[in-house]
Structure formats: C-alpha cells, structure tokens
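Enquirer: Sharing a structure, written as structure tokens. Questions coming.
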Amino acid sequence: MAASALRGLAVAGGGESSESEDDGWEIGYLDRTSQKLKGQMLPIEEKKEKFKKALTTGDVSLVLELLDSGIISVDATFRYGWTPLMYAASVANAELVRVLLDRGANASFEKDKQTILITACSAHGSEEQILKCVELLLSRNADPNVACRRLMTPIMYAARDGHTQVVALLVASGAEVNTQDENGYTALTWAARQGHKSIVLKLLELGANKMLQTKDGKLPSEIAKRNKHHEIFNLLTFTLNPLEGKLQQLTKEETICKILTTDSDRENDHIFSSYAAFGDLEVFLHGLGLEHMTDLLKERDITLRQLLTMREDEFTKNGFTSKDQQKILAALKELEVEEIPFGELSEEAKLEISGDEFLNFLLKLNKQCGHLITAVQNIITELPVNSQKIALEWASPQNFTSVCEELVNNVEDLSEEVCNLKDLIQKLQNERENDPTHIPLREEVSTWNSRILKRTAITVCGFGFLFFICKITFQRK
C-alpha cells in the first residue's frame, strides 16, 4: 500500500511529470493522504521554500495545510530573517495577512529595523489591498511610528508611493506627521518629491508642517520645484489647504470614517483652481504688461534669472513676439547694472572709476528702486481688502508681518546709507573746490574761457561804440 502511495507521487495531477513547474502542488487533485505523505518526506528547507512560494503566490489552502502539519511555525523565519506574515505583507495579500494574524502571527515583528507595517506600506500592489493589510496590522497593535534604519516611518513610505488613504489611516492611528528621516525628509517632503498632489493636500489637511527643512536646507516646495512638480510647488509656496489640521480635532473613529469616504482630488481641485500666486517672474511680467507670457514661461520651466540672461535668438526660439521681445529687452537694458567687485580691488584701483560710470551706477540704482516700488504697489492693489474674500487660509500672519518689518528696516538702512553717500559726495565736492592744487576739468576751463571771451567782446564793442560817439561829436563841432 505504501508502495502504491509512492508510485502515486511520481506523477503530478494532469499527467505531468514530477519535474514540472507545479511540483504536484495542485490543491484538491491529489488526495490528502498522498500530499501529507509527500510533505513528510520533504526536507525542512524544501518545505520552507514551498511555504514561501505559497505565500508569494497567495495559495491560502497550501499555507494552511503546511501550518497544520506542525513542522512550520506561523512565526518561522526564512532566509534574511523574514516571517510568513512579512512575506504576505510584501505582496499585499490581505487574505493571507488575516489568516496568519488569526493563527497568532506577531504583527510587531521586525528584522534589522524593518517592520511588517513598513513592509506593507511599501508593498507592490493595489492601494485597496495595501490599505486592508495596514488596517489589519494596526488592529493587532502594530506601532505606526517605528522607523527603519534610514529613520523612515510607515507614513513616509506610504506618502512616497502615493497611497493617500493609507497615509490618512496611519495618521488616524497615531502616526506622527512631521517626523523626519536621516536626510530630514518628512512625509510631506516625500510626497512633494514624488509629485503626489493628493497626498500633499491630505497631509496639509492633517497638520503637516511645510516649513520643515531637509538637512541640506531645502523646503518641501523647493524639493517639488527641483523635481519639476510646479503645481505642488505653487501649492506649498503660496497657499495652504483651508482644512489644515481640521481632522486632528476628530476622534479616531470619526477620522477613519471621514478619510475613507472623501476623495481628496475631487474635493480640492476647485479650491485651488482660482487662487493667484505672485512670484518674482509674475511681478516682473505684470510690470511690463506681459501677464499672458506667464503660462508659457512656466510650461517651459523658465525662471526669472534665465529670462534676464536670454539672447534675442532664444526669445524667438521660445515663441516670443517681436513686440514682447522689445518690452523685455528694454526692461533688461534699464535693469542692467555692472557689478563692481570693490572688495577685490586695491585702494588705487577703487579710485579709477570715472564720474560718468559712477553717475550711471546711481541712475540705474534709482531705476531699480523705482521698479521695486512699482512691484510693491502691484501687490497692494491685488491683495483683497476684505479678509472674507480670501478663498484660502494663509499661513500665520505673523510670518508675513515679520518679513515686512524686516523689509522696512532694510529700506531704512538703505535710506541711511544713501544719505551718507550724499554727504560724502558733498564733502568731496567742497574739498575739491577749496583745493589750490585742483586742476579744473575741461568743461570748467572751457566755461571760464568762454566767459573771458564774452567779456573781451563786450569791452571791445563798448570801446568801439564810445569811439563812434566821440567821432560824431568831433565832426559836428
């Protein structure tokens, strides 16, 4: 009887040889007795490989059978120290995760700082399956704030991979929104880096701090701009979600109910469709009456610095009309100020600047001040007077007022320095006039000569007129 059983194992179901890809693991085709007998004959390592294959392919029946055999534990470790639950989470198989958890698998297991929850959040699968896995793990007290060796938490992995509902569920379960990894990245930074707009909006709504910098001093908005996610850059630079922090006041159950029934994209697209953002490029074009060029420049990722250094052929290449080119080139000519590295020059070299060059510098500096005044006036006219007309909630007003106060101080310092410059020029002028060794300029010499010539001519004419009168008088006598 045993011999017949062994012969039965030689050929798998369907007439295929035992060397086939399935290796006879067709559930329900061979009888239970023959499968268990074959399982007992397999070495432990080979059985573990079969178990791993069943986990990765989602063969729940085979997993249950191997667990029931008693040879493999639900918390057994395979190569690299992974447990069955970690394998199931890595493929986002929610059914397997549930089965293993019901069998007593440890949801808080970790290997080299790699937790099962992190594995689930970074799994390759649909967001629906990943969400179910994460929800199951959290229900078994998995800690959402345990970080990996790179100090990345589950919410960072979920934000990086674009799983909006997973991010919201983690926050509702106690995940810290503003935790930073070894590079200073937060979940918001990761979402901005990868271009996940819906997650950026959701994180702002959940209280994420957009002003936290990375270790190299970059804000999430700058990370988004560097990776060419301009819409996210504008959102993070000029606006905040009007519902920022609102969900933090709700209970865990209310939050979960709200976040799982809200479509962030649909809810927020209309909110941000009408906001106006003012950057250096927008202000510059607005001052020239070229607002229609803004979208074109943004589409081609052209910054104000690049615009100021463009040549005429580059304007044509980028689709600028001749009239627009003339406006921009004229403005560039007015703004052009030759930088003089005074700190690198010797004292003698500093004195070689001509009066014309210095006057030209002052004139251009005055024009730039005028442009700055115009830019501020444009901003003032665009800002709504009534706070109720502001569609989006801004950051703390103290940030704006503090910057304005600093700007006022800088303007006052500039005014003081210009007054000092004026006094110095006046002092130099007075000293030059009183200096006996002063050599008059050619213009001054020519003016003095012209005065002498005029006086000489008047004197000659006077003598001539006097001589003419005297002559007439003598002739009459």
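The backbone N, Cα and C atoms fix where each Cβ goes, glycine too.
Swiss-Prot lists SER17, SER18, SER20 with the feature phosphoserine. Residues annotated as repeat 'ANK 1' in Swiss-Prot: 46-76. Per Swiss-Prot, the feature repeat 'ANK 2' maps to 80-109. Annotation comment: Swiss-Prot describes 112-146 as repeat 'ANK 3'. Positions annotated as repeat 'ANK 4' by Swiss-Prot: 150-179. Taken from Swiss-Prot, the feature repeat 'ANK 5' covers 183-212. The annotation repeat 'ANK 6' is assigned in Swiss-Prot to 216-245. Annotated domain 'SAM' per Swiss-Prot: 274-336, in sequence order.
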Enquirer: Do you know the mean pLDDT across the repeat 'ANK 3' (112-146)?
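Expert: In the predicted model, the repeat 'ANK 3' (112-146) has a mean pLDDT of 89.
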Enquirer: Quick check on the repeat 'ANK 2' (80-109): DSSP residue counts for helix, strand, coil, in that order please.
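Expert: Tallied per class, the repeat 'ANK 2' (80-109) gives 18 helix, 0 strand, 12 coil.
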Enquirer: By DSSP, how many residues in the repeat 'ANK 4' (150-179) are helix, how many strand, and how many coil?
Expert: 17 helix, 0 strand, 13 coil
Enquirer: Just to be sure I understand, if DSSP states are collapsed into helix, strand and coil, how many residues of the repeat 'ANK 3' (112-146) fall in each?
Expert: 19 helix, 2 strand, 14 coil
Enquirer: Using DSSP, what is the helix/strand/coil residue split across the repeat 'ANK 5' (183-212)?
Expert: 17 helix, 0 strand, 13 coil
